[in-house]
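The following features are taken from TrEMBL:
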type	residues	note
BINDING	CYS230, CYS235, CYS238, CYS246	[2Fe-2S] cluster binding site
DOMAIN	1-95	domain 'FAD-binding FR-type'
Amino acid sequence: MAPVPYRVVAKRAETAETVTLTLAPVGAAIPEPEPGQFTMMYAFGIGEVPISVSRTRPVLEQTIRAVGAVTGALCRAEAGQVIGLRGPFGTGWGVDEARGRDLVLAAGGIGLAPLRPAILRALARRDDYGRVAVLIGARTPGDLLFEDELETWRARGAQVEVTVDRPAPGWTGHVGLITALAGSADVDPSRAAAYVCGPEIMMRLTAQALAGLGTHPGRIRVSLERSMRCGIGWCGHCQLGPLLICRDGPVVPYESAVPLMAVKEL
């Protein structure tokens with residue numbers, strides 16, 4: 001599958017090392033991704049890397065943290081530059097399946113990017129859901145993604161709680177682990193669905209906390225991350241136990257993920 005050319009139409013710095021690119025197809029477009037899916041983003045002449053979609057409509061956006069050669073090149077892309085996309089790939093959050101339920105969306109660090117489309121979908125169809133709680137954890141206030149959108153989410157009916165590990169001068173919000181926010185979610189755990197994305201230890205502990213409060217483990221989903229290369233399950237590089245993460249994930253039921261989260265990547 002050849003990369004489909006997309007033009008960068010806007011670039012926004014989220015943090016010192018993270019940017020969001022707004023993309024438009026040069027010609028034909030890829031199918032619209034579901035919240036939670038990813039694409040393989042191609043920096044011409046350098047390589048490609050899997051990146052979760054951070055907005056699906058009315059424009060396509062992808063949020064990238066510079067951690068290597070390809071992500072660094074993508075983060076340096078400017079408006080007008082052409083990159084390539086393959087996809088979308090993988091499983092989504094299944095937010096449409098949770099209609100009628102309360103929602104808890106818990107994100108650690110860059111994990112807010114894959115959850116953002118689910119948040120926007122739920123808020124765009126607000127009457128389809130009960131209470132919506134968004135729990136966000138970051139290392140410092142300067143590491144928060146989409147900070148300028150949080151008040152808009154609140155105004156549209158979401159409870160948004162933020163905590164940081166290391167506060168900066170003037171910070172008046174929560175300090176500590178995101179697991180401490182689980183009990184503050186103003187939802188009925190017995191009828192809630194939960195989506196959790198972030199570092200694996202954060203997902204494991206947050207899912208445990210939500211389950212301990214009464215959310216059925218079968219209604220908790222997490223997003224697993226392993227090195228993905230082909231995006232279609234052929235190369236086997238992202239195999240984790242019985243799963244090929246690019247095909248069977250990245251979003252999986254928490255119950256299925258529990259025995260896999262302790263498996264180190266080769």
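Glycine is no exception: its Cβ is also placed from the backbone N, Cα and C atoms.
Owing to the predicted nature of the structure, the values given are computational and were not obtained by experimental measurement.
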Which value does the mean pLDDT take for the domain 'FAD-binding FR-type' (1-95) in this predicted structure?
96
Please give me the CB contact count at 10 A for CYS235 ([2Fe-2S] cluster binding site), counting all chains in the structure.
13
Provide the three-state DSSP residue tally for the domain 'FAD-binding FR-type' (1-95): helix first, then strand, then coil.
9 helix, 48 strand, 38 coil
